[in-house]
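Asker: Following this message is one structure expressed as structure tokens.
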């Protein structure tokens, strides 16, 4: 079973429907106390980094997520949820993140590519990954974002994607912490396989 954290940051229902389609039990809750009974927690998100962190803190999710990871639970961040795992973001000022993955969230610099990135792009694997088990390298996934994650350690990077002249980290996998910048729930069969792989860990 998968616990989906509801902190008012969007795309919850589409993620829940994806798990339902896969026949995987999942619940959506804004009560972090209920998280204790789940080994797998999903942190989705669409919106602004600073506001999201405020919501997580106000609801009690910050301490609950840190405790979940500390106890060996699995955590998957999606889109903004991935960015929140890092140390800080430069989105609309400087904001502190969960610091589960040391690094910084940065804005794409101006280029010939239109920012934000909206649409399908290839994901190239950086290492053998549980999250991408039985998914073909260079598969295409659906992205919607203007900011990207720059991790301090290359060991945390599970996959990269080229956009706006930047070969950025599009997936993280380290010590039970997983994250993807793309939306697996909107990424057809490859995305559904990523969600299934997480649920089956």
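Note: Cβ is positioned from N, Cα and C throughout, glycine not excepted.
The following feature annotations were taken from Swiss-Prot:
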ACT_SITE  79  active site, nucleophile
ACT_SITE  183  active site
ACT_SITE  185  active site
DOMAIN    1-201  domain 'Glutamine amidotransferase type-1'
Asker: Might you list, by sequence position, any residue in that chain lying six or more from residue 183 (active site) with a Cβ less than 8 Å away from its Cβ?
Answerer: 11, 14, 78, 79, 141, 142, 143, 144, 191
Asker: Taking the active-site residues one at a time (79, 185), which has its Cβ surrounded by the most other Cβ atoms within 10 Å?
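Answerer: When each Cβ's neighbours within 10 Å are tallied, 79 tops the list.
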